Amino acid sequence: RFFIIKESFLLYYAESEKKSFESNKYFNIHPKGVIPLGGCIVEPKEEANMPYAIKISHEDFHGNIVLAAESEFEQAQWLEMLQESGKVTWKNAQLGEAMIESLEAQGLQLAKEKQEYLDKLMEETEELCLQREQKEELERLNQVLEAEKQQFEEVVRELRLEQEEIRRELELTARSLKGVEEEKKELRSLTESLQNTLEELSLEKQQMLEMLEENESQVPPPTSPSKEQSPIWGLHCSLRQIEEKMQQLLQEKLLAEKRMKENEKRSRALEEEQSGSSSQSQALQNSLLELTAEKQQAERDLKAEVKVRMDLERRLREAEEALQSLEQGLNSLDCNKEKEEKMKADVSHLRKFFEECIRNAELEAKMPVIMKNSVYIHKAA
């Protein structure tokens with residue numbers, strides 16, 4: 001048996017209780033038996049096969065109670081403590097049964113309170129699991145938003161490169177258009193020069209024809225001069241040269257007009273290309289602005305989500321610490337006023353935490369569907 005002296009009572013347990021007592025430093029409220037020491041006579045006794053024996057006797061006991069220590073030193077200590085405890089009057093013996101009943105009632109009450117706390121802990125643990133799932137969902141959404149942000153940045157980079165390419169093409173088109181305009185002016189001046197030259201040659205041709213007619217009408221044909229030496233032949237040759245030159249100038253004029261038409265076509269094509277490139281550049285600029293705005297909105301949403309997640313993690317850590325502290329307090333039967341106050345504070349903290357969770361859930365449940373969809377629209381995207 002393992003014995004404990006509590007006030008004027010000797011409590012005894014099974015021998016295995018010694019290890020629990022030494023490790024936990026508190027005594028079990030359910031002993032195997034209680035011996036009242038008030039008015040008892042405690043003295044050493046010599047007993048066969050039982051050295052260091054101690055006899056406890058009282059006139060109201062049916063027989064004597066014999067104990068034994070493990071050494072002479074322990075026997076002396078126990079004798080002193082038992083004799084001191086036995087100085088209490090016998091009236092305290094009547095309180096033994098009442099004390100046991102009180103201890104049992106306290107044990108039942110503690111067990112009931114412990115079960116209630118355990119039930120609350122189970123409910124709170126379920127709530128914490130739900131909060132942890134929400135935290136994991138937030139982390140997943142955070143990763144999705146990060147991926148979307150990277151995609152947005154990649155699209156923006158591609159659009160910027162495409163815009164730069166279109167800008168270079170526009171510069172090349174503008175330079176080509178400027179060259180075409182200059183060539184067009186040169187061809188126009190060349191055409192005007194050819195036209196003036198043709199008019200001068202036409203006038204000279206007309207004069208030559210008039211002179212030829214006058215010479216043919218006034219001068220009689222010679223009898224024997226050579227054909228090359230006659231003035232009429234010279235006029236004919238000049239006239240033929242003028243016609244050949246006119247034909248050549250007409251061909252050059254047609255060629256210049258053809259080149260002018262080609263240049264006009266090229267100019268119109270370049271203008272259309274410039275207009276298309278401008279509209280494409282404007283569309284790309286608008287898309288770039290929209291993507292930039294979406295990127296900024298996504299970053300703001302991401303920052304808000306991260307802030308909410310950090311606040312939720314902080315609250316979860318505080319709740320878990322309160323739960324651990326409360327569980328340690330429940331597992332420890334060595335209760336005092338300070339521990340009770342700390343447990344009450346932990347319970348109050350947990351109650352406040354879950355009341356806030358319930359209030360947020362009620363607000364979310366009462367939120368209109370349109371508003372809810374507007375709040376979570378980026379998640380659907």
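Easy rule for this one: first residue shown is 1, then count along the chain.
Glycine is no exception: its Cβ is also placed from the backbone N, Cα and C atoms.
The feature domain 'PH' is assigned by TrEMBL to 1-87. Mean pLDDT for the domain 'PH' (1-87) in the predicted structure: 87.
The annotation region 'Disordered' is assigned in TrEMBL to 212-231 (among others).
The region 'Disordered' annotation in TrEMBL covers 260-284 (among others). Sorting each residue of the region 'Disordered' (260-284) by its DSSP state yields 25 helix, 0 strand, 0 coil.
Residues or ranges marked as compositional bias 'Basic and acidic residues' by TrEMBL: 260-271.
The compositional bias 'Low complexity' annotation in TrEMBL covers 275-284.
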### Task
Count the residues of the domain 'PH' (1-87) that DSSP assigns to helix (H, G, I), to strand (E, B) and to coil, and report the three numbers in that order.
23 helix, 33 strand, 31 coil
